[in-house]
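To start, the structure under review is shown below, and the notes come after it.
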Amino acid sequence: MSNTKDGVRDGDIGGGGGGGGPADAGSRTGGTKPPGGSRPHQPPRPAAPPLDPEAVLRATAEVLDEKGFHGTTIRVIASRLDCAVGSIYRHFTDKNQLLDAVVQGRFTPVAEAAEAGAPLEATTRAFVAAAARRPEQYRLMFWLSTLGRGANEPAAMPPVLRRLLAAWSDHGQCGDAEAACGHWGGLHGRLLLGEMEGRGDDEAEAMRALGAAPASERNGVAAGAEPVVAAE
């Protein structure tokens, strides 16, 4: 039977053997909780700006130059851009589509110049310099063009090179389509044989390696200060 004194039970005295009530527990854990036990309201994080596809291509080009084909992954590119992997997939289906856009983009200025009627010699020099500067990426462009094709199907010409050959033919720079293909084929064969590697930073040196010195040198005239197509 509990002992009482002045109407107060032994267990009602704070600090007794029975321990304190809820208020005591709250004081021991650092105070009372917010109503309902919820955390203080946090303002929403600002939404990230939309990812620019051109920024993705630039980052991919940088990573490809630094790490090569196998070291270039969507995760590495996303880290370079400080974005989520899924943000890249909103614009490009996979790594191969990204790389295809990058390597063909190396030759887009050459095709555009040829379509604008630039002289054959100028666009040839720019094409050779771009291919010789990154010979592995030049070969990669053709490998990517074979993806999704059957074993018995001929390899497809990369679209940017189809544009270049069509311009050489349509503007009479090579006479006709057959001559344009022959002109490109000679350059392409020597590029694949590695005869141009390491010469991409000097268009004139690249042309000499192909056995076709620039006309300005053949004629003893100083080269122009500004090329028609700026090689990368």
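Glycine residues also receive a Cβ, built from the backbone N, Cα and C atoms like all the rest.
TrEMBL assigns the feature DNA-binding region to one of the listed ranges (73-92, 153-172), namely 73-92. Looking at the stretches 101-122, 211-232, the one that TrEMBL records under the feature region 'Disordered' is 211-232. Per-residue pLDDT, averaged over the domain 'HTH tetR-type' (50-110), rounds to 96.
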